[in-house]
Amino acid sequence: MATAPKEAENAIGLEEIHEERQEPPKVQKTFTVEEAVETIGFGRFHIMLFLIMGSTGVAEAMEIMLIAVVSPLIRCEWQLQDWQVALVTTMVFFGYMVFSIVLGLLADRYGRWKILLLSFLWAAYFSLLTSFAPSYIWFVFLRAMVGGGVSGHAQGLIIKTEFLPTKYRGYMLPLSQVFWLAGSLLIIGLASVVNPTIGWRWLIRIASIPGILLILVFKFIPESARYNVSTGNTGAALATLQRIAGMNGAALPEGQLREPAKERRGRFKDLIHPKYLRTTLQIWIIWLGIAFAYYGVILASAELLERDLVCGSAAPPLQDSSDGSEESHSPCHCHLFGPAAYQTMIISTAGEIALNPVNILSINLLGRRLSLCITMGCTALFFLLLNICTSSAGMVGFLFMLRALVSANFNTIYIYTAEVYPTTMRALGMGTSGSLCRVGAMVAPFISQVLMSASFVGALCLFSSVCIICAISAVTLPIETKGRALQQVK
């Protein structure tokens, strides 16, 4: 009988053990790409990313700014009229506009890295072909193809944005303007040496070298982890994040990388979804206006230097007394740039970095919307100030400030557009915005190089009016992205 209580006791013990085993398991920890990026922080990887992806701006600036320093030479060689010179720039941006949408769609579907590599190969190939253009028609066609390739360079900005922690985006992305400035100054400096010696064709060949060199270092940059996780490839995303953490001497959050809910990517209708419709339309207006003003300033500067327009009237072409070379005395009845003109272009171009520190502080303290509104309003004012009769130094000063302001506008809208859209449609949002941007750039040559010859005041007032519209659109944007984490899905 003594065994019965013992058996009962054993039975109770076994039941307690069984109940303990039935306790619900602990919930496993997970983390998102956003949390991982914030936890890893800023370090060696981001410096490498900044240098390589930022350098895409050098190649892009050299290809885009090339037309401004080559236009007087092709005008002379092929006896071109004003509208034909303007058409060259317009077709470059037409190619940019068309391919910008296409490459944005492809980047959201197949990856940012692949499209960036493809765009560099494409631009370098057609840029080299341009140097062998036998006629004006071939030159226009091939530069349009170069514009199409350059449009894919925006994927470099997206990759940088998707790897940067929130608090660093407002500081690091504007600093990328340094690379665009370097490319602009480099092409002007090269033009001052190459154009009068071995000619514009060699200038184009030399200008394609930075893009070719960058292709060789792309292997050090991984595909966006945000893109990989949005496509369900969490293994690749996790490997990328682990590599970045190792380079930065940091650790990933505890748990497993969480895959977001599946959404179709790269759909145009998402941009005009009620949630984003107003934002998208206002962003498009701003991009169009900023590009119109930016390239208007660049081409107007070249026009002022080439034709010596003073106080709203076209003066007869003047020879640059400081230079007696063939570059200044053309047998084709065209006025080419001399050393003084190149020096003025370099000074005004250097203005693009002048307001960068102020712009960075403004973006991070006042927010993206108010900062953009202020710089657009000041841009409108300085366009009007160009109407004032002033000395050559005064004109250079106005151009310097205009280049500084239009550059600040581009900095802010690039950051805002990359931040406001979720990962599933970010590349498409940038692509369509870049496409509308090129519509403004396509119109700018006909205002700066054609209308300005007929009505100097009218052209400047038009530029100013567009900037005012953009300032109003900026301050009324429905979403402020300052301090906001990048959205993964809608």
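Each Cβ is built from the backbone N, Cα and C atoms, and glycine gets one as well.
Record features, source TrEMBL:
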type: COMPBIAS; residues: 15-24; note: compositional bias 'Basic and acidic residues'
type: DOMAIN; residues: 49-482; note: domain 'Major facilitator superfamily (MFS) profile'
type: REGION; residues: 1-24; note: region 'Disordered'
type: TRANSMEM; residues: 47-71; note: transmembrane segment
type: TRANSMEM; residues: 83-106; note: transmembrane segment
type: TRANSMEM; residues: 115-141; note: transmembrane segment
type: TRANSMEM; residues: 178-195; note: transmembrane segment
type: TRANSMEM; residues: 202-221; note: transmembrane segment
type: TRANSMEM; residues: 281-300; note: transmembrane segment
type: TRANSMEM; residues: 454-477; note: transmembrane segment
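Within the same chain, the transmembrane segment (178-195) stays apart from the transmembrane segment (115-141): fewer than three Cβ pairs sit under 8 Å, each pair at least 6 residues apart. Scored by C-beta pairs under 8 angstroms, the transmembrane segment (454-477) has its highest count with 281-300, from the stretches 83-106, 202-221, 281-300. Here the domain 'Major facilitator superfamily (MFS) profile' (49-482) returns a mean pLDDT of 83 for the predicted model.
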